[in-house]
Each structure stands twice: as C-alpha cells, then as structure tokens.
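Engineer: Quick paste from TrEMBL:
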{"type": "TRANSMEM", "residues": "A:12-35", "note": "transmembrane segment"}
{"type": "TRANSMEM", "residues": "A:42-61", "note": "transmembrane segment"}
{"type": "TRANSMEM", "residues": "A:67-87", "note": "transmembrane segment"}
{"type": "TRANSMEM", "residues": "A:99-123", "note": "transmembrane segment"}
{"type": "TRANSMEM", "residues": "A:143-169", "note": "transmembrane segment"}
{"type": "TRANSMEM", "residues": "A:196-217", "note": "transmembrane segment"}
{"type": "TRANSMEM", "residues": "A:237-261", "note": "transmembrane segment"}
{"type": "TRANSMEM", "residues": "A:273-296", "note": "transmembrane segment"}
Amino acid sequence: METLIQQLINGLVIGSVYALIALGYTMVYGILGLINFAHGDVLMVGALTALQTMLFLMGVAPGLSPIYMLTIALMVAIPVCMTLGFLMERLAYRRLRNAPRLAPLITAIGMSFLLQTVAMIIWGRNYHTFPQLISTTPLEPIAGVFITPVQVVIIIASAAIMIGLSLLVTRSKIGRAMRATAENHRVASLMGVDTNAVIAFTFVVGAALAAIAGVMFASNYGIAHYGMGFMPGLKAFTAAVLGGIGNLGGAMLGGIVLGLVESFGAGYIEHLSFGFLNSSYQDIFAFIILGLVLIFKPTGLLGERVSDRA
Amino acid sequence: MQTKPGSPLLKLQNLQISYGGIQAVKGIDLELWAGELVCLIGANGAGKTTTLNAIAGVQPIAGGDILYAGDTINVLPAHKRLRRGVALVPEGRGIFTRLTVEENLRMGAYSRNDKAGIEADLERVYTMLPRIKERLPQVAGTLSGGEQQMVAIGRALLSRPKLLLLDEPSMGLAPLVVEKIFEVVQSVAKEGVTILLVEQNANLALEFAQRGYVMESGRITLTGSGDELLANPKVREAYLGEMV
C-alpha cells in the first residue's frame, strides 16, 4: 500500500512536468497542425539558462537566499525561451505555413538538432549538476510515504499554471482569438485578428511553459545536459497524442496518465517481467502507450470533440 | 437620403485576380458610394466571391487597384482592412463552430476596445435577431443554417463596418429564412451601412438593391439600377430563368 501511494506521488510529479511540456506541443498543433519537435529542446535551453544564471549568482552574491536565486533564474530562463520560441516560428515555420506538411515537420527535427548542437557548443557535452535550491530531502514521512519539498512545489506550481492557462484560453480575449484562429485562420483575420501575432503568441506561451518545465525537471533530477530535452520531449508528445492532440485538457490528462503509468510501471516492471527487466527500462511504457493509442484510438482520450482546443 | 461626397467609398479599377495561372477576374471596374446597397450577380464561377475576398483582403490580387475611402489598399492585410471598416460575411458563413454563439459575436468586436459601445451594439444585434439571444451559450456548430447566417451577419455588424460585404447570404436556406435575412440586410442598409451583396438569387437581390452589376466569367458585362436590370431581357433570361 505504501509503495502504491509512493508511486502515485512520483507519477504525479513527473506527470505534471510532462503535462506542462505537452501543452506546448498541443497548442502549436491546434493552431498550425504542426508537431514542433524542437519543443523538447526549448526545455533544455530553459534548464541550462537557469543553471548558468544560478552559477553566475552564486559567484557574485553567494549569500543570496535559494528562493531568490531560483526566482531570478526563472526570470532569466523564461524570457530567453520565449524569445527562442518567437524566433523559431518567425524564422523557420512561418515561411513554411503553406508548404506540404512534411516540410515543416522535417524543419522542426532540424531545429531540434540545431538547438542541441548550439547548446553543446555553449555548455559542452558533460552532465552538469543542477543546484537543488529547493530541498530534495524528504519531509517527515506521512503514513510511510516520502515526499520531497521540490516535488510539492512541482505539483502545486504545475496545477496553478495549468489553471491559469485554461483561464487564459477560455476566458480572455486573446484566448478567444487563439481558438478562433485554430478553427479558421482566414475567418479570424476577417474579424480583425492579426493571426500571425496570435500564432507567435502561442509559440511564446508554449516556450514559457517549457522553460518552467525544464527547471522543474532539472531540479527534480539534479542534472542538466544538452540532450536532456529529447526524452521528456518525446514523452510529452506521447502525452499530447494520448490526450488527443490539439486538445488542452487532453494534454494535461495525457501528461498525468503517462506519468502515473511510467511510475507504476517502473515500480512493478521486475514483477511484470519475472525479473528480466528492471526499473531502468521504464521508458518502455511511454512508447508502448504511443503505439497502442495510434493503433486503437488515434484521436486520443479526449479526441477532437472538445471545444477548448487552442 | 444618400449623400454623394467627392469620391466613392469603394472603387475597383481594372481589378485582376488569378489562381495558379488561371485568371478568375479579368479587369473589372466597380464603384460603391457611401450609403448604397449594390448587388453583384452572376452565375457560379463568374468570379463574384473572388472579388469580395479580394476587397476584404483574404485573396491577393494580380493587377489593378482597390481604392477604399480614397486610399489604395491593394496589399493591406485583412485584419487592418477590418479596422478601417471593411467587413466580409464570407461564403458559407464562416462561423467558428467550436465557439459559443456569444463568443462568435464578440469575435466581431475583437478590434474594438470601447466596452460600453460593444455591450450596446450586442443589445442592438439581439433586438435585430431575437432568436440569437436565446442561443448565446450554445456552441455555434449546433445552430441551423439560418441561425448561423444571422450570427455571421450580427458578428460582422459588431465591428461597426462602414462597408459590409455579404457573400450569398441566402445560400442553402429555406425561402422564409431568406426573407428574414433580407429584412435584416435592409434594416442594416437603412442605418447607413454601405453594402455590397453577392447573390445567385438575382431576383431577390435586384429587388432590394439600388444598383447592380452583372458578372460573367471574370468580367462585368452589365450594370444599371435594380429596376433596369430586372427589366433587362438578357438578365431575365440568364439569371431569372425566364424564357424570353
């Protein structure tokens, strides 16, 4: 029972991070029909920018309290990623808006390689220790279940961000314009919507979420690396497909479900495989899910039906 | 009732539009004065919709000029044309089916910031289209064709247009509904909005319009007052289905 709850919490934590990344995939897909495969690498840039900022702050102001340090690091990483998202759309994807679907897809993969290579040039090939400014020492166990402060922060912050994003998309004027543009670019422009600006805004919001997810991911595992965006990026893509790509609620649900499946899978994989596989094979579950969803329910859990698509 | 200041509100000069090598509009001239209700009639594929789309800015032009309120707007993007007062109710209505009726209407007021004015205009639209008011929270995709057309017109009005372009508002609707929609169009015209109406239902269009243009395979072949065109044997034969 304790193991079960423990896996549940671990799953929720990693699932929240997947959900934040999946939202970026799904928003861009909803509005452009493009799978932005470079999205995972935006997360990496966010984490490494935050790391660089922290190292700088530790050098110039060693006495600064960890909370301030983390806040400043985020306040640097988020705008950097937003700019990156803006530039990707403006320089690479916008020109391909009317091109055959394969062209922007391959461009996105190229963009991913480009970002990884540039990051490798700047930060090298080594794994960097990511300062764990929020404690990763478990709190007093409650009923035998351990939870660390950083996990608590991740769950609460993710929930708040997801609620905020839902409100933005369903209640605000720009959110309405996003949904209108997602449904029909041409008619949205006839309503006076600058659809190019709305699309750029969508990329920028997605990139901001990726920056936050990147810092969460690195804080949770205590490590950052130029290739760190690849796996969570692929898994978040899986989460978005699982929930129903293009659907915001679906991305959130898909992220959480994927995190839980992975966490339970990692916990029980030894039993399931009669000792043949151990928990380092946990990545297998995301891709089993991706395969199953694409075969049996390509529209995902929440499908196309829901109206809050953005 | 209509005043005629120095220049027309809209003027097309030798307008040409091509799709991938095929010329859909082959150099047309058209004028629209403030306060007029003018119709553009013609058979399917004559280039009417293409012309309206070009005026609204969602169809690039190949040659000629579009002058609006004295300015050349040939390459102005659609959203900027709307801000200057050009609103198009597109062919097939262009309703946002996943947004609610109210959200659709509010999209029409997207470029405006005067909250009080928007609320007042919403009330005005509700009075004009009472059936819409009952359906505000409904997802617009669930409305009937006639109701969607009403929402599309109401939405366009919320931008406070000076020039309203209507593309086949009667398409696919029952005669009673068409009548209702034309009543709305007429009351909008009475408020002083200049209207360019594209219709296949030539009889109905010419009855309501002060003037009309007849378009045939990319060219304007006839023009005159509504009554003149209605009486013209060529028009009667070609568009009103009468044997002369």
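Quick reminder: no glycine exception, Cβ is built from N, Cα and C everywhere.
Bear in mind that TrEMBL entries carry predicted annotations, made automatically and left uncurated.
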Engineer: If we skip the immediate neighbours and take only residues 6+ beyond the ends of the transmembrane segment (A:99-123), which ones have a Cβ under 8 Å from one of its Cβ atoms?
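Structural biologist: Sequence-distant neighbours of the transmembrane segment (A:99-123): 32-38, 40-42, 44-45, 48, 52, 84, 88, 92-93, 226-227, 229-230, 233.
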Engineer: Hey, would you say the transmembrane segment (A:237-261) packs against the transmembrane segment (A:273-296), going by three or more CB pairs under 8 A that are 6+ residues apart?
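Structural biologist: Counting Cβ pairs under 8 Å (6 or more apart in sequence), the transmembrane segment (A:237-261) reaches the transmembrane segment (A:273-296), since there are 3 or more.
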Engineer: For the transmembrane segment (A:12-35), which stretch among A:67-87, A:143-169, A:196-217, A:273-296 has the most Cβ pairs under 8 A?
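Structural biologist: Answer, by Cβ pair count: A:196-217.
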Engineer: Under 8 Å between C-beta atoms and at least six residues away from its ends: which parts of the chain pack against the transmembrane segment (A:273-296)?
Structural biologist: 231, 234-235, 238, 241-242, 258, 261-262, 265-267
